[in-house]
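*Asks:* Summarising the annotation, Swiss-Prot assigns ATP binding site to 478-485, 1131-1138. The compositional bias 'Basic and acidic residues' annotation in Swiss-Prot covers 438-455. Annotated compositional bias 'Low complexity' per Swiss-Prot: 700-718, in sequence order. What Swiss-Prot records for 95-386 is domain 'ABC transmembrane type-1 1'. Feature annotation from Swiss-Prot assigns domain 'ABC transporter 1' to 417-667; the stated evidence is sequence analysis. What Swiss-Prot records for Asn71, Asn187, Asn465, Asn731, Asn1057, Asn1227 is N-linked glycosylation site, and it gives sequence analysis as the kind of evidence. Annotation source Swiss-Prot lists region 'Disordered' at 432-460, 699-751. Annotation source Swiss-Prot lists transmembrane segment at 94-114, 138-158, 220-242, 247-269, 331-351, 359-379, 769-789, 817-837, 890-909, 915-933, 999-1019, 1028-1048, citing sequence analysis.
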Amino acid sequence: MTPEASANWFSLCWFAWIDPILTAGYTRPMEKDDLYLLQPHRCSEHLGSQLLAALEKRRKQRQDYVEANPNKTDKPAKIPPLMWAMNDIVFRYFWIGGLLKLLADVGTITSPLLVRALINFGRDSYNLRGDRDQAPNLGSGVGLAIGLFLVQALCVFLNVHAFNRGFGTGIILRGALIQAIFQRGMNLSTRARTVGGLGVSKLVTLISADATRIDYAGQFFHMAWTSAVQIIICVALLIWSLSYSALPGIAVLVLMSPIQTAITKRLFALRKKSMVWTDKRNKAVNEVVGGIRVVKQFAWEEPYSVRIAELRRKEMSFHRVRLYLRSLNLALAFATPTIATVLSFVTYALVGNELDAAILFSSLSFFTLLRTPLQFLPIAWNAIVDAKNAADRIEKVFDAEIQRDQIIRDCSATNGIQLEDASFTWETAQAADTAKPVNEKKGQDSPSNEKETPVDRASTLDSLNLTVPRGTLCAIVGGVGSGKSSLISALAGEMRQIAGKVTLSGSTAVCAQTAWIQSTTIRNNIVFGNAFDPERYRYVLEVCCLLPDLDTLADGDQTIVGEKGVSLSGGQKQRLNIARALYHNSEIVLLDDCLSALDARVGADIFANVIAGDAMAGKTRLLVTHSLNVLRSCDWIVHMEEGRITEQGTYAELVESKGRVAELLLTHTKDHFEEEKKEPSKHPIDEIQETAESILDAGSASNRNSEASESTTTTVNAESKDTSNAEGVTNKTEKKDLVAPPAQAKSKALMQDEERFSGSVSRTTYLSYLNAAPLSILLPLFLVAVLVFQGSTIMSPVWLLWWQNGHFGLQQGVYMGIYAVFGITQSLGLLSMGVIFSTFTIKSATTLHHRALQRVLHAPFSFFDTTPQGRITHRFSKDMDTLDNIIGEAMRTLIGTIVQVIGSIVLIAILTPYFLIPVAVILVLYFWIAAYYRSTARELRRIDAGLRSNMHEHFSESLHGLVTIRAFGNVDAFIAENCRRIDKQNRAYWLAQTCQRWLSVRLDFLGSLLILSVAILVVASRFDISPGETGVALSYILTAQSIFGWMIRHAAELENNMSAVERVLHYANHIEQEKPYHIPQVDDALEAREWPERGEIRFEGVEAKYGSSERNVLDKLDLHIAPGEKIAFCGRTGAGKSTLVTTLLRTLELSAGTITIDGIDIASMGLHRLRSSLSLIPQDAVIYSGTLRYNLDPLDQHEDATLHDALQRTSLTDLSLDMTITEEGGNLSAGQRSLISLARAMVRKTRIVILDEATASIDQETDVQIQEVLRNEFDGITTLTVAHRIQTILHSDRVCVLDKGVIVEIGSPAELWAKEKGAFRALCDSANIRYQDGEWK
């Protein structure tokens, strides 16, 4: 627990309770374990609950007001309920901070009154220097000096603790908001996530950007009103000091106020405009990184780089103007008091007043002190406006519709699943099966209200009647887009039920079509928050065929599989998915086409042993499948079309009815209805007709005559279950040490730890950042601007002193004019510094963004396999935002303060040389304290950045797996984990902010000692220095003392923020790169001869391995593929099929051997030339949000006619090119996503086409059409097909069977099938494929 909870008042005052952390960080690099635990009332779970309760209360108050005042509710509340709720949970803590800030500001602004008294003391003493006995008592001067010191010291403590509460409020609200957003996000309805626009990327933006803006506003909120109080008091005191002469200066303040307000508004407008492009750029980067495999395999790196660069250019065009305007605003804020001072003093002199030193220099102090509130007032209001808009955006999450479980769960129900006239709707932005383009009218995407929303379009699933008794296996079949997966989603509670009744007998587990895998260990993915049972766990591994896979992994089940399971094959991910559902031990298991990603043999084992076997015996199972050969083992079969159940019944009943299922079986069945003995004497061709007849006649022999009707509820005969194929687990893998005992389980991370630098930021980092801009031009200009600004700043009070003394005997007008010139040049110098550094910031940030993006786009796949997507996108969002908005300004301010510190020391030392003694001592203390602080602060910032990324990764990953998490009932567990990660990050964040307060209280207290030393010196030298010189020294140190502290703080803060530069530079300079993208001489020659001309491929002695592994995944492989040949690759998961494809695309480089295409070694050419010459249809379809046209042709290179043709050839004619596709293709079925991926490849005209499990998620009827298209359209095109579904490759010219990276068989399908003990024949037997089942070659 943090020592703050038990610290005494002195320790709390000085923040001494954090000393142990600072000592630890000073002596060694800090680690996460060094961080203190948060106090319970600061934990996110507590805060999130408080916020949600306060929000509910405020909304109820608003609702009561609306009901009581129906005529006053036309306009929305000026302050939204969320902001009131945030105020409620921090009210006491926050507003006590406001009171402290007010007292500190009042004390600061009245300090010049003591300065005036000291100057009067010095004047009286100086005037009586000849008669020192009559001079004022030294004690009174010392008393005034001590009084000034005490006021300043008190203001230091008040100010630091006010800021501490402001920063603390920001942290509290940020943690509460992230937790509340996550909790709400995990319960949002599908409608809210699609139509409401609250998808994963939007919610991530809310926690990373909007919650941070509210955090930032907490730090500056009180300045918005205390600054106004300061200004009012200061103006009143100026009128008291200068009488009516102060009015011209005050008029300047009044006149400049609307100008600064207008600039602030313009800054806000520019911020909003730039954020539009920032969001677009971040979204583009996110989509490119998320779909990097497609980008690289299609050689789209350069077009996407150009696209992102153009978005960046538009973003920076607004950002450039914004930075220039901000520089102007700061210059005006600095210049306004100076101009006001000049006008007031000139007026004061013109009306005949004597230039009294006490009046002049105390008034000068008032005007100078005005700079702080004038500078921070627009910043504070800008932060508040930003926060208000952020709160408005966040509140939409709490306004949005939540998932309402209308499903009845009755553990005593006889039936496992019962649907009675049930209708469901997705209510997405665009129906997946409609050809109508989206109507993009204004307001269409507005978030839904939490109240139930009327249905405004046809439901996706209509009037479903289905009864599945407990313990039965029900298969769902139908074409692509028929509603099969939607039915699974409906039963999982993801679709909105609009009619009818749904009853389930217990808990559910879901196997989604696309397996959601966490970036954690294999064990954690399977156990998924349940209690660990070693025996059951091992049994699950065995029946799901995972033990052989664990045998190949060095860490067994403790292997971390990476983000989205990147280290696993598609089959392994799906088996992990099935294992998770099996281990969960739910009453009902919903399986959405989970066999399609498995090879034939493994799929047959999984089906026999798990789905239809003992493993899931007694459970109610709903299996969506395209594998019609498994239907005989199912108790009940349902056929769907256009969201309706068109047929249902037992296998025999459906065959007898001669409906749609019988038609499918007639064409594609893999076995007879009755088990027949094989007759070797018959020629396979002669059996085809007999098979067709037996299918249609089998039903007549059955005694079951019941018919399935879509309007009549039909009950499955629970006793009809055929368990003949449930043979149990055979040939169990010998138990090896693949499953680590819980006490010894240690995972080896596949994901690389986030790059964390230790020690101080290197000189190389600063130089690299500086050299990213044209420094040779900007540096001289900046030095000139600094000299002009600082020279004018120093000379301004000196000239005022000379004017007061009449030093040169000049006319009053000359003194006035020169004094005014110094004021103007100060402003111009500051403006020039701001503009030059803004230009530097833009140039440097743009250059580093471009370099980092280029390195990422050309990084090898291994980089993306071991680096979470969230971490990569974080570099281009949060870290790049730091470069855009913070680093340049921090560097400019640091340089400015260093120059001001030097000028202050020189000026005061000229007046009182002994000042060099205390300032030297205090500067040593400054730098010692800073050195003691900076190592800890730097490490805390780095730890905070790492933990922040970790929290964001979990947030994003969880929302991507929302359907699975909700189906398994694990929402609470993930919410608790999110709390844990927020708290872990806040432990570092809170300590980092507290360390800054520790530094501030010490530096500012030393600044008060500087004031004391100058005051004592001028009191001690009262007979030797004039009142004017006393005034200059005191007024200058009063404002300059804070600059000493700011110099150290800015140096530390700059170093802390430079960690973002370190990370971006790591991406810009040190990411491993692929082989050359272009080899101009070779590539140009190949392009000139239109290579490849024929499509002939040769693999000669090919060896390949992943990473540092010693095992070859391809071992001395030799293969010749003739031009135009159709060759298929099959084999068990992990046999090397997909690896073969990766070597052809060179996403995995060979360790030995060569691959040639048309006689050219592919290693000799650039990657762009190679990959752009091939077409790949990948296993996992990558779909982007946007239009269908954009997904087919993201680079806009083809005519619509070409795109329509591709849609027609892939049976997607029901879709419009202008239809909107939601995030990750959420409004498309998995089959439709695969078909779009296929159509995308068809748009490219290449001589070689690769299909990597491209049709696994497509029903067999559509698959037949696609295969026909591939045969006809790709005639003469070399085609390589990787498939688990054996029947899809029977028409291939040759089949190559791989095992452990070696070709074990190769030949035509017919030749290999004839080998009764061959590997291919075994795969066919596992899939129940017989000769008459396909078009054999």
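Here the Cβ of each residue, glycine as well, is placed from N, Cα and C on the backbone.
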*Asks:* By Cβ distance under 8 Å, which residues at least 6 away from the ends of the transmembrane segment (890-909) in the same chain are close to it?
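*Replies:* Result: 782, 786, 789-790, 793-794, 797-798, 830, 833-834, 837, 915-916, 919, 1014, 1032-1033, 1036-1037, 1040, 1043-1044, 1046-1047, 1050-1051, 1053-1054, 1057.
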*Asks:* For the domain 'ABC transporter 1' (417-667), what's the mean pLDDT in this predicted model?
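*Replies:* Per the prediction, mean pLDDT sits at 82 for the domain 'ABC transporter 1' (417-667).
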*Asks:* According to DSSP, which of helix, strand or coil covers Val480 (ATP binding site)?
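*Replies:* Its secondary structure by DSSP: coil.
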*Asks:* For a quick check of understanding: among the binding-site residues Lys484, Lys1137, which residue's Cβ has the most other Cβ atoms within 10 Å?
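*Replies:* By the 10 Å Cβ neighbour count, Lys484 comes out on top.
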*Asks:* Looking at the transmembrane segment (247-269) and the transmembrane segment (359-379), are there 3+ C-beta pairs under 8 A, with each pair at least 6 apart in sequence?
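*Replies:* Contact criterion met.
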*Asks:* Under 8 Å between C-beta atoms and at least six residues away from its ends: which parts of the chain pack against the transmembrane segment (94-114)?
*Replies:* 87, 144, 147-148, 151-152, 154-155, 158-159, 161-166, 168-169, 218, 221-223, 225-227, 229-230, 233-234, 237, 362-363, 365-366, 369, 373, 1035, 1038
*Asks:* Out of Asn71, Asn465, Asn1057, Asn1227, the glycosylation sites in the record, which is closest to Lys1137 (ATP binding site) when you go by Cα distance?
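*Replies:* Spatially nearest to Lys1137 (ATP binding site) by Cα position is Asn1227.
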*Asks:* For the transmembrane segment (817-837), name the stretch out of 138-158, 331-351, 359-379, 999-1019, 1028-1048 with the most CB-CB pairs under 8 Å.
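*Replies:* It is 331-351, which has the most Cβ pairs under 8 Å.
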*Asks:* For the transmembrane segment (331-351), find every same-chain residue at least 6 residues outside the stretch whose CB is under 8 Å from a CB in it, and list them.
*Replies:* 238, 242, 244-253, 256, 259-260, 263, 360, 363-364, 367-368, 370-371, 374-375, 378, 796, 800, 812, 816, 819-820, 823-824, 826-828, 830-831, 834
*Asks:* Using a Cβ-Cβ cut-off of under 8 Å, list the residues of the same chain that are 6+ residues beyond the ends of the transmembrane segment (999-1019) and lie near it.
*Replies:* 13-15, 118, 121-122, 138, 141-142, 144-146, 148-149, 152-153, 156-157, 159-160, 163, 908, 912, 914-915, 918-919, 922, 925-926, 929-930, 933, 937, 1025, 1030, 1033-1034, 1037-1038, 1041-1042, 1044-1045, 1048-1049, 1052
*Asks:* What same-chain residues lie close to the transmembrane segment (915-933): Cβ under 8 Å, and 6 or more beyond its ends?
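*Replies:* Long-range Cβ neighbours of the transmembrane segment (915-933): 22, 26, 905, 908-909, 995, 998-999, 1002-1003, 1006, 1009-1010, 1013-1014, 1017, 1033, 1044-1045, 1048, 1051-1052.
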*Asks:* Express the distance between the Cα positions of Asn1227 (N-linked glycosylation site) and Lys484 (ATP binding site) as a whole number of Å.
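*Replies:* Rounded to a whole number, the Cα-Cα distance is 14 Å.
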*Asks:* Quick one: find which recorded stretch in 138-158, 359-379, 1028-1048 has the most Cβ pairs under 8 Å with the transmembrane segment (220-242).
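*Replies:* Against the transmembrane segment (220-242), the leading stretch is 359-379.
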*Asks:* Fill in the CA-CA distance, Lys484 (ATP binding site) to Asn71 (N-linked glycosylation site), as an integer in Å.
*Replies:* 50
*Asks:* Between Ser482 (ATP binding site) and Asn1057 (N-linked glycosylation site), what is the CA-CA distance rounded to a whole number of Å?
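*Replies:* It is 54 Å, counting Cα to Cα.
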*Asks:* Measuring Cα to Cα, how many angstrom lie between Asn187 (N-linked glycosylation site) and Ala1135 (ATP binding site)?
*Replies:* 41
